[in-house]
Amino acid sequence: MSSHDSEVYTVAPEMPAMFDGVKLAAVATVLYIIVRCLNLKSPTAPPDLIYQDTALNRFLLKSCPLLTKEYIPPLLWGKSGHLQTALYGKMGRVSSPHPNGHRKYLPMHDGATATFDLFEPLADHQTGDDVTMVICPGIGNHSEKHYIRTFVDYSQKQGYRCAVLNHLGALPNIELTSPRMFTYGCTWEFAAMVGYIRKAYPQTQLIVVGFSLGGNIVCKYLGESRANQERVLCCVSVCQGYSALRAQETFLQWDQFRRFYNFLMADNMKKIILSHRDMLFGAFSSKISDIDLSKLYTATSLMQIDDNIMRKFHGHNSLKEYYEKESCVHYIHNVNVPLLLVNSADDPLVHDSLLTIPRTLAEKKENVIFALTLHGGHLGFFEGAVLFPQPLTWMDKVIVGYANAICQWLKQKPACQNGQSSEKQCPQS
C-alpha cells in the first residue's frame, strides 16, 4: 500500500444549523437593544409649538426660523435623551471657548456676597442698541461651565453684553461670607446682578436667560414684581421643571432612570455643601444643626437634602412650603414681556406631566411661546452629522435668534407706527 493510500482524511463535522440560528438571534438582539437605546428609529421633526396667533408671534417665528425647522441631532447617538444629557453633564460642550470677563462682587443684606461675571460685546448689535443678556445657569453652575462659556462667546459675537450669575457657593474658589447658599428659587442674587447692570448701564436693555434651575429663578424673578420687568425686552427659559412640588414625586420614579439622576445630583449638591462646611454648620450658623449634617451624609436624593438643609436657609417650615414658595409656577403668569419656554420631550429630568404648565400658559397668554423639541435631552441640543457634535448647539442659536428677532421687532415697530418704514420692512398684523 502506498504512503498516499495510507493517509487518513478527517472531515470536520458541520455546525448544527441551530447554532447559527442562536448566533443570528444574539446579533439581532444586540442590534435591537442598540436601536432601542439609541432611539435610532425616532424621526426628526420641528419643535411642537404652542402660541397664540398674534402679529408679534408670527414675526418671531418668521424671523427665528430654527423654531419652525427640524432640529436634527447627531445621527448615531443624538436621539437618545440620556446620551445628550450625559454629554452635557460630563463635557458641557465641545471645543468650548474662553471668553474674557470681569468678576464683580456684590454685598448682600444678610452678609452674603453675590458674584457674577461680566463680558463686554465683541461686535456691534444688529440694531445698534446696547443690549445685555442677564444669564442664570443651572443647579450648582456658574460662568466657568463649558455650556455657559459657549453661549456667552456666541452672544458676545452677536453684539450682546453678558452678565452671568455665579450661584452662591457654586464657585470652588470663592468662600461664602454668610451661612447661606443658593436655593431652588431664591432670586436675591439674580436681582442684585440685574440691579447692578441697570445702574451701571442706564441705556441698556435686558434679555433674561435661564437654564434649568436658572429658568425657574428668572421666571420667578420677573413675576415677583412688575418693576422687575422694566427695560426687559424678553425672557428665555430652557429645560426647567416649573414646579418643584410636582417634580418631587417624579424624581423618585425609576422610569427614564430619573431616580438615578436624582442620586447623582444629590451627590453633587452634597459636595458643594460640604465644601462650605465651616460656614454653613459652624459657629456662624444657628439654622442648621449637627443632626442636619449627619442626615446630609446619608442623603440619597435632592428632596432629603432640601428638607434637611436647603429649606432652612430661608426659614421654611416644611419641604412642601419650600417647594411652593420657590417655584415659578406661582409667579410666571405675572410675566408680561415676550417669553420663550423651551423643553425637550426626551429630557430624563423633566417628566412630561410638568409640561402641562407651559402648555397651559402659552394657550392663555399671548406673550408666551412654548417650544417642545422631540430630542435634546437636558440642556444637550447638540447638532452634528453622524458622530461628532458641533461646538455650537441648537439651544445657543435659538436663544440668540429669538433675542435678535425681539430686538428687530421693537426697532421696527416705532418706525412703522410713524410711517417711516416701507411696507415690506414692517411687521404685519
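The chain as shown is numbered from 1 upward.
Yeah, the Cβs are placed from backbone N, Cα and C, and that goes for glycine too.
Per TrEMBL, active site, charge relay system is recorded for Ser212, Asp347, His378. Annotation source TrEMBL lists domain 'AB hydrolase-1' at 132-385.
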>> Mean pLDDT across the domain 'AB hydrolase-1' (132-385), rounded to an integer, is what?
In response: 95
>> Excluding near sequence neighbours, so keeping only residues 6 or more apart in the same chain, what lies with its CB under 8 A of Ser212 (active site, charge relay system)?
In response: Pro137, Gly138, Ile139, Val238, Cys239, Gln240, Leu349, His378, Leu379
> Taking the Cβ of His378 (active site, charge relay system) as centre, how many other Cβ atoms lie within 10 Å?
Replying inline: 25
> Which number gives the other C-beta atoms within 10 angstroms of the C-beta of Asp347 (active site, charge relay system), all protein chains shown included?
Replying inline: 26
